[in-house]
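Engineer: Here you go, one structure.
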Amino acid sequence: MSKVVERFLKYVKYHTTSDENSNTFPSTEGQLIFARELAKELKELGLSEVEVDENGYVTALLSANTDKKIPTIGFIAHMDTSPDMCGKDVKPQIIENYDGNDIVLNKEKGIILSTSEFPELKNYIGKTLITTDGTTLLGADDKAGIAEIITAIEYLINHPEIEHGNVKIAFTPDEEIGRGVDKFNVKKFACDFAYTVDGGELGTIEYENFNAASAKIKIHGRNVHPGTAKGKMKNSILIGIELQNMLPELERPEHTEGYQGFYHLNNFQGTVEETSMYYIIRDFDKQAFSDKKEYIKSIVEALNKKYGEGTVELELKDQYYNMREVIEKHMHIVETAMEAMRSLGIEPKVVPIRGGTDGARLSFMGLPTPNLFTGGHNFHGKYEFIPIHAMEKAVEVIVKIVELYGKKG
């Protein structure tokens, strides 16, 4: 069994689900336990400046082995797994020499990873896959990234003939709940640029992501006995439905792909008296993003005009921005990663991130950080899987990026 697989199978045993309702940082104790174990492993490998700080960030340095002027590169992955699915007691299954048929994840519960629902499986006939047992997520997002980074660093340590500058690594908590770099010290990390290793299928590289905002809406109704309600009742639930129906139907997640943005109603709770709604608003284009926010404001204004001032309250908050505008000023970071892939026989696929990453926020904090593939598929659920050869290729790509910058200086 290769080292990257060994590490990955060990890491997924740690229960590191993050919790958006927690007020602590990190949000769960399990992440701190995992952080300390990773720090211990990094020390054993011989890295310097290994630290788990008070916020649970793990950082370490592989010192340069040459006097050449070479940029300091960072590699970053996150320790938490998504709260969307249970991440406790993960029991990975290894499917050797995959035959192209449906994979029974859990016979007892009738859970099947089917080729009709997940046609990408057909790309991995003859390969070895790691799947879930159908009761939890797998945790390839992002424990595969952690395993790949550490294995690449170990390779560089064992191959001193590869000249390199300083290489920094960081493992962050709470990425899945949007807090991953809230307390990250970019200045102390002291890199010229970095890569998150948090992407999907083999060969993907991502340097543009959604602009993101949240919209919290509170609707104040007026409850009156329905028998005497004529001309008096104001049903906040129905006003909420009216608001939703005023948004463009085709601009919902289920109707969009590629570079298309959306409004997503993520939560709706209400009574006649009071209703709360929570939206996320996403778009790649800056102007379209601004237009979407203005449009939801105009709907709220129209409803307040119709039902009375103060009926609908809107709290609109920007969350993160498209890192493309930062990365485009430093395209050598993307170009070198693509060169590394091609030299290893991997065709790079530039895809937009229909979401956000730690790298998006880091880019606006002064650390340009595109995202590299881990090799995984179907993150955040029981159908998550990862091909072993893709993990091994991710290790090679990280090593090659470091090597190329060592040569370029």
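Keep in mind that glycine also has a Cβ here, set from the backbone N, Cα and C atoms.
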Engineer: Could you look at D53, D102, D133, D141 and say which one Swiss-Prot places alongside H78, D198 in the Zn(2+) 1 site?
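Structural biologist: Looking at D53, D102, D133, D141, the one Swiss-Prot places in the Zn(2+) 1 site next to H78, D198 is D141.
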Engineer: According to Swiss-Prot, D141, H380 bind Zn(2+) 2; which one of E176, E335, E339 is annotated to that same site?
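Structural biologist: Matched candidate out of E176, E335, E339, per Swiss-Prot for Zn(2+) 2 with D141, H380: E176.
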Engineer: Under a criterion of Cβ-Cβ distance under 8 Å and sequence separation of at least 6, what residues of the same chain contact D80 (active site)?
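Structural biologist: The list for D80 (active site) reads T16, T17, S18, P26, S27, T28, Q31, P173, D174, E175, E176, I177, given in order along the sequence.
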Engineer: Taking DSSP as the reference, which of helix, strand or coil describes E175 (active site, proton acceptor)?
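Structural biologist: For E175 (active site, proton acceptor) - judged by DSSP and reduced to three states - the answer is helix.
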Engineer: Distance between D141 (Zn(2+) 1 binding site) and H380 (Zn(2+) 2 binding site) at the Cα atoms, whole Å?
Structural biologist: 8
Engineer: Would you list the other residues of this chain near Zn(2+) 2 - those whose C-beta lies within 8 angstroms of the C-beta centroid of D141, E176, H380 - in sequence order?
Structural biologist: T81, S82, D84, L137, D142, F379
Engineer: DSSP three-state call for H78 (Zn(2+) 1 binding site): helix, strand or coil?
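Structural biologist: Assignment for H78 (Zn(2+) 1 binding site) reads strand.
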